[in-house]
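Marked as active site by Swiss-Prot on the basis of similarity to another entry: Glu80, Asp108. Swiss-Prot lists Arg195, Lys198, Arg199 with the feature site 'Important for efficient shutoff activity and nuclear localization', giving similarity to another entry as the kind of evidence. Annotated site 'Important for efficient shutoff activity' per Swiss-Prot: Lys202, Lys203, Lys206, in sequence order, evidence recorded as similarity to another entry.
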Amino acid sequence: MEEFVRQCFNPMIVELAEKTMKEYGEDPKIETNKFAAICTHLEVCFMYSDFHFIDERGESKIVESGDPNALLKHRFEIIEGRDRTMAWTVVNSICNTTGVEKPKFLPDLYDYKENRFIEIGVTRREVHIYYLEKANKIKSEKTHIHIFSFTGEEMATKADYTLDEESRARIKTRLFTIRQEMASRGLWDSFVSPREAKRQLKKDLKSQEPCAGLPNKVSHRTSPALKTLEPMWMDSNRTAALRASFLKCPKK
């Protein structure tokens, strides 16, 4: 699974996932399913934000090619992927600037158009079950929840899906592709079932051979993407936020 993750996801997503796990004392080489889950969640958060801007009137704009107009501002502030101290600093800055209620838990995004924090969920189970778990944990009507599944299902607070259908379809397609690629390599069952994951871990620890069927090289093509993860207070006129060029899983 670890080798699959490193081949399947953009290197910066992998690096951010590793830092996140190490921050909590977890080892990506051992807890490989969690490693895959974190990378997937990060990618969905970045895809959610990608290409979406707002103009000076606060109207939503989608810009998919070239540099956006200087008057446009990224619609979403990406909080996920930052270390906890930086993330809370960003959240506090947003709350102080906009007057929105400070969330109890770190959210994943902030939507400048709708003026709300967003919690993104990616589940291997039923979307409504995971949605209820998120809602019970957050216990706040101020934070918007949007859940995606690997089967193409989604669920959001008050059925408000925030993004246009095409943007959401791009996320669903990517998740379905990840599922298919995992399944083709015999990794999906262990990714879904904790019991199967433990069995697979024991098997992996006994074997030192690399995952079969995975290419040695990955194409590093880039789209309008990954600029910088700057603290938002350093440049009030910034137009750059965390961007990523998402590599699709290499075909067998």
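Easy rule for this one: first residue shown is 1, then count along the chain.
Yeah, the Cβs are placed from backbone N, Cα and C, and that goes for glycine too.
Long-range Cβ contacts of Asp108 (active site) within its own chain (separation 6+, distance under 8 Å): His41, Cys45, Ile78, Ile79, Glu80, Ile118, Glu119, Ile120. Its Cβ placed at the centre, Glu80 (active site) has 23 other Cβ atoms within 10 Å. In this structure, Asp108 (active site) belongs to neither helix nor strand by DSSP; it is coil.
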